[in-house]
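Marked as S-adenosyl-L-methionine binding site by Swiss-Prot on the basis of sequence analysis: Asn19, Leu21, Gly46, Glu71, Asp94, Asn117.
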Amino acid sequence: MSNSRQHQGHFARKRFGQNFLVDHGVIDSIVSTIGPARGQRMVEIGPGLGALTEPLIERLATPESPLHAVELDRDLIGRLQQRFGALLELHAGDALAFDFRSLAAPGDKPSLRIVGNLPYNISSPLLFHLMTFADAVIDQHFMLQNEVVERMVAEPGTKAFSRLSVMLQYRYVMEKMLDVPPESFQPPPKVDSAIVRMIPYEPHELPDVDPVLLGEVVTAAFSQRRKMLRNTLGDYRETIDFDALGFDLARRAEDVSVAEYVGVAQALAAVRKAG
């Protein structure tokens, strides 16, 4: 596989984190994993040169119900519009600022399926942005750096367990679906990739916790990973009765379950409401 940044006459742009998927066997496996069906509301983030776009359109799009795509690179937008016409509705702009809820069906029922080969340089911020639309989403399938996927699905007590693990596992059921080697891309990235499936919990399955407070607690806990929680969560010891929660502060952040972090955030909310 050539290391050239040019593919199909387009130079991959480093500032956009562009690595184009070119292995048709991998593309077929990804599409089979997604399982698109006619008439579904699907959004592709970063369609690039259309490697996934084409088979997705073949399986689900009609002029009345097109595949939606969010693309930042204006050079690619023109090519995609010319190639797919009315079967692809393109939204020019940055996915980090895009209102995905604007594409959902009317009503409260989840209706969106979101897919994409996400730019690795913005993957974590983009995942957190997408979390704000989770109530409108049926599922998400993303190509990401394998290290990020491992952190997303990591169990407590492992080195990969992180702030990203806690915040996403609170909101989604997640599963690593496929490994994708560097040679599947043009130009090949310097890291291994993987496909992850993310299914949002339904409202009745979610714990009653303010995600902002949960994020505050988790960020503090993981701010110095090698230190004990009695140090990183020390500022909360005057307001939260950790003993009453059965929460052992003589641990490190990666040794605490999602449910335990939720419990601390709930206790913090109760204290602040009372105060």
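Each residue, glycine too, has its Cβ placed from N, Cα and C.
Feature annotations (Swiss-Prot) mapped to structure.
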residue : record                               : DSSP class
Asn19   : S-adenosyl-L-methionine binding site : coil
Gly46   : S-adenosyl-L-methionine binding site : coil
Glu71   : S-adenosyl-L-methionine binding site : strand
Asp94   : S-adenosyl-L-methionine binding site : coil
Asn117  : S-adenosyl-L-methionine binding site : strand
* Asked: For the S-adenosyl-L-methionine site made of Asn19, Leu21, Gly46, Glu71, Asp94, Asn117, how many Å separate the two farthest Cα atoms?
  -> 20
* To do: Would you mind checking how many other C-beta atoms are within 10 angstroms of the C-beta on Gly46 (S-adenosyl-L-methionine binding site)?
  => 23
* Residues that sit under 8 angstroms from Leu21 (S-adenosyl-L-methionine binding site) by C-beta distance, when 6+ apart in the chain -> Ile27, Gly48, Ala51, Leu52, Asn117, Met143, Ser184, Phe185
